[in-house]
Each structure stands twice: as structure tokens, then as C-alpha cells.
Amino acid sequence: MSKNPCHIALIGATGSVGSSVLDICRAFPEKFKIIFLVAHRNALKMNDLIHEFHPIGAALTDREAASILRTLQSEVSVYETDDDLEYIVTHPEIDHVVFASSGTAAIKALQKALLADKNVSLANKESIVVAAPWVMPLVRRTDQLRPLDSEHNAIWQCLQGEDKETVEEIYLTASGGPFRTYDQKALRHVTPEMALAHPVWDMGYKVSIDSATLMNKGIEIIEAMYLFDLEHTQVKAVICPGSIVHGIVRFTDGTLKMAASTPDMRLAAATALSYPGRLRLSALPQIMPLSVHSLTVQFYPPDEKLFPCLALAKEAARKKGPYPSLLVGADEVAVDAFLRREISFTQISLVIEQVLSSYNDNAPQTLEESLIILERGRERARALIRSAGRCGKERKSYDR
Ligand SMILES: NC(=O)C1=CN([C@@H]2O[C@H](COP(=O)(O)OP(=O)(O)OC[C@H]3O[C@@H](n4cnc5c(N)ncnc54)[C@H](OP(=O)(O)O)[C@@H]3O)[C@@H](O)[C@H]2O)C=CC1
Ligand SMILES: CC(=O)[C@@H](O)[C@H](O)COP(=O)(O)O
Ligand SMILES: [Mn+2]
């Protein structure tokens, strides 16, 4: 930790990962102080957080929501634009920026934070998948970028003190999602409510649906390739029901090193924020420490036929070029359409597959080109869904 208290800017403060980070800050006020809070449009929750954490500023990237927040309180300055976000993540008062927002909107802020030599904890996987070639070279110090995604946080912990050349392969564990035991026929009748009911984690809608299709694990494979500078053949997914083990590294001498803990994002947040120290999390009595005596862990391979999204993401990992951005764009739109009941659960992978297979342009050379490809992925997915026709059932929005 650079200083006590460590001054934090939290992007995605009103979300699921944001709440875990705030729980750690709440439990250790002498170690962590919230200086800026950023979210998209949840003005009411942001207002509550301002009253609790007393930051010097808050931002809502939705302009209307920012206006509402200004009317709700006068305690802090309210920001809203991309420039404001850059101001926040490079602010001289800030030591550590946590990127816990969903989507890809914070990519440029992530670049700015790294360039300004801030420590960064990163939960947002889409940013790395879309922009790694323009983000990873900006990392200046080995302790600067700390993975918050639970599997990557586990791998990061396993790799500490190790020589990268001795890493043979890594395994990211997957819970298997709510449909781990389903067959093809049962998958056809899956509803958004069923898909959102994750067996282990309480997460935002997008990542919950991605977990149910196993796209989350596919996206995480690409994320891990870039974060740990590994080939696609070195990153594997393995099902671990219950998600007690989060990540495994196999070294060249055959040793397997794995990180296990109660599945709780506050643990990942604590390790990233307190690195190289560790916190005494008994201050958070709700986190039950694992007992070695009751530990039974099973691993088995994922079924890529039943969950084709994983195979599609692995193919994008192999081909790289435009495919990771296309995959993220198409998946975003397909998941949204599923939540709006415009397509079925099994059509999610069909939409993404068609977007990927119909694309033959060049690899992006710049971040701007990668963002254009991301947008093409979204547009093509929208066009496919439109042309397939709407199902005409009741449409319920799952937007927060
Ligand atoms: N949830 C989890 O346990 C895990 C999540 N992740 C990753 O972390 C990220 C966040 O996930 P999760 O917390 O579940 O998501 P949520 O949907 O719960 O929260 C998303 C957060 O991002 C904010 N946000 C959305 N768009 C923007 C934007 N354009 N600018 C600024 N803030 C924005 C939202 O604000 P508002 O509420 O105002 O709309 C909200 O605070 C995702 O990339 C996810 O894949 C990784 C590992 C675990
Ligand atoms: C908590 C976390 O890191 C999520 O990304 C988690 O991995 C989702 O669960 P699945 O293992 O089901 O994808
Ligand atoms: Mn994860």
C-alpha cells in the first residue's frame, strides 16, 4: 500500500463489485479513504454513498442523472463528462483507481490512470478484451495493475514471487452456472429469471447471463491471456462447482499452485487494495473462512457443445485480431435481447456465431479501430435479431 489511508477513486460504485470494494473501505477506514465515486445513472444510490463516504466529488456519466444528483445534495461537486472522468482518475489526491464499471466506457480512463502512474484494481474484463494492446503497454510497475476478477486475482496471487518462464499453463475455474446439469432440451426453456439465478455469486445482470452461457469463462480466457501475457493454449477453463478454488497455475516442474477461498468478491477486493500486505478479514464476520477439514473439491471439463459460447470465445482467443472486440459487442447485444425476451437462451450463441463468421476485415491497429469493430459487432447482432423477428411476448426491461 502506498500510503495510509490510501486515497481511492471507485468507478462503478453503485454496482455489485463496487459494493464489495466499499465494504472493504467501510471496514478499514484507517487504511482506505474514498475520494471520488463514479457510476452511470443511479442517482439515489450515489446520493446515499455520498452521505456515507463523504468523497470530494462524484460523477454520473448519464447527464440527466447527474442533474438529479445535483438537486439531491450540495455536499460534493458532481461531474459527468469523459473529461471529468479523466480529471478524476488522474487527480493528484488519488493513489488507487478501482475499475468496477460494466461495459467498455471506461477504457480511456483506464489508460489515463495507468499513464498517471496510479495503482489500478481492475474488475472490468471487457476493457482488457477490447483494448489490451493499447492498455497493457502502459503498465509501468509489476504492482501497478491488480486483477479483481476473482479467477485472475487468484492467478495473480499464485504468480507472486514466481518466474513467468516457469508457468506451463493456467486454469480458470467456472462454477458452471445455473444450468451446469441441464441438457440441450432443458436449455431451450430457460428464462431470464432462471439464468440470473447464479448458484454462487450475486452479480450484475450482464456477467450473470455470461456465466450461465459460459461466455464469461471465454471472455476471462482472453482477459487472462492479456493480463498474464500467455498464449491461448496456456489458458484453460475447468468446472469447479461451488467456486471454492478460483485459479490454478501449473508450473514447468509439474507443481500445481491454486488459490482457494470462500467465493466472495470482498476477498479479491481486499487482496488487490492491500497488496503487498494482507488484511485481517475477521473484521468482516460474514466472510466464513474455509475449513480445510470440510474441503471437498471436484474439477471437470466444461461441455463446449452444450455451451457453445465458450468455444466461440476460445476461437476468438486463438484468432485475436478483430475477433475479441466483435465477440464483446455481439455478446452485449445478444444478452440484452435475451433479457428483453427477444431471443431465447440458446439463440445467444447463434447470434454471436453469425456475427463472428460473417466478418473478414483486418485486425485493428489502434484503439479507435478496435472500438469501431466493437460497434460493428453490436450493429450486426442487432441486425440479425431484428431480421429474425421479434417473438412478440411480454417484454420486460432488466435495465437497472
Ligand atoms: N459482479 C461480480 O462479482 C464480478 C464482476 N466482474 C466484472 O466487473 C464489472 C462490473 O460488474 P458488476 O458489478 O457485476 O456490474 P453491475 O451491473 O452490478 O454494476 C455496474 C456498475 O457500473 C456502472 N456503470 C455502468 N456503465 C457505466 C459508465 N458508462 N460509466 C461509469 N459507470 C458505469 C453502474 O452504474 P449505475 O448503477 O449508476 O448504472 C454500476 O455502478 C463487469 O465488467 C463484470 O464483468 C468481474 C468479476 C466479478
Ligand atoms: C466472481 C467472478 O469472478 C465472476 O466472474 C465469476 O467467475 C462468475 O461465475 P462463473 O464461474 O459461473 O462464470
Ligand atoms: Mn470471474
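The backbone N, Cα and C atoms fix where each Cβ goes, and this holds for glycine too.
Predicted automatically and left uncurated, TrEMBL annotations should be read as such.
For reference, TrEMBL has these:
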type: DOMAIN; residues: 8-131; note: domain '1-deoxy-D-xylulose 5-phosphate reductoisomerase N-terminal'
type: BINDING; residues: Thr14, Gly15, Ser16, Val17, Arg41, Asn42, Asn124, Glu126, Gly204; note: NADPH binding site
type: BINDING; residues: Lys125, Ser150, Glu151, Ser175, His198, Ser211, Asn216, Lys217, Glu220; note: 1-deoxy-D-xylulose 5-phosphate binding site
type: DOMAIN; residues: 146-228; note: domain '1-deoxy-D-xylulose 5-phosphate reductoisomerase C-terminal'
type: BINDING; residues: Asp149, Glu151, Glu220; note: Mn(2+) binding site
type: DOMAIN; residues: 261-378; note: domain 'DXP reductoisomerase C-terminal'
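Overlay of TrEMBL annotations on the structure.
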{"residue": "Thr14", "record": "NADPH binding site", "DSSP class": "coil"}
{"residue": "Arg41", "record": "NADPH binding site", "DSSP class": "coil"}
{"residue": "Asn124", "record": "NADPH binding site", "DSSP class": "coil"}
{"residue": "Asp149", "record": "Mn(2+) binding site", "DSSP class": "coil"}
{"residue": "His198", "record": "1-deoxy-D-xylulose 5-phosphate binding site", "DSSP class": "coil"}
{"residue": "Gly204", "record": "NADPH binding site", "DSSP class": "coil"}
{"residue": "Asn216", "record": "1-deoxy-D-xylulose 5-phosphate binding site", "DSSP class": "helix"}
Close-lying binding-site residues around ligand 1 among Arg41, Asn124, Asp149, Gly204, Asn216, where CB distance stays under 6 Å: Arg41, Asn124, Asp149, Gly204
Residue pair Ser16 (NADPH binding site), His198 (1-deoxy-D-xylulose 5-phosphate binding site) - Cα distance, angstrom, rounded: 13
Thr14 (NADPH binding site) versus Asp149 (Mn(2+) binding site) - Cα distance in angstrom: 17
Binding-site residues listed as Thr14, Asn216, least Cβ neighbours within 10 Å: Thr14
CB contacts for Ser16 (NADPH binding site) [other CB atoms within 10 A, all chains]: 18
Binding-site residues near ligand 3 among Thr14, Asn124, Asp149, Glu151, His198, Gly204 (Cβ under 6 Å): Asp149, Glu151
Cα proximity to Glu151 (1-deoxy-D-xylulose 5-phosphate binding site), best match among binding-site residues Thr14, Arg41, Asn124: Asn124
Fewest-neighbour residue among binding-site residues, criterion Cβ within 10 Å, set Glu151, His198: His198
Listed binding-site residues with Cβ under 6 Å from ligand 2, out of Thr14, Ser16, Arg41, Lys125, Asp149: Asp149
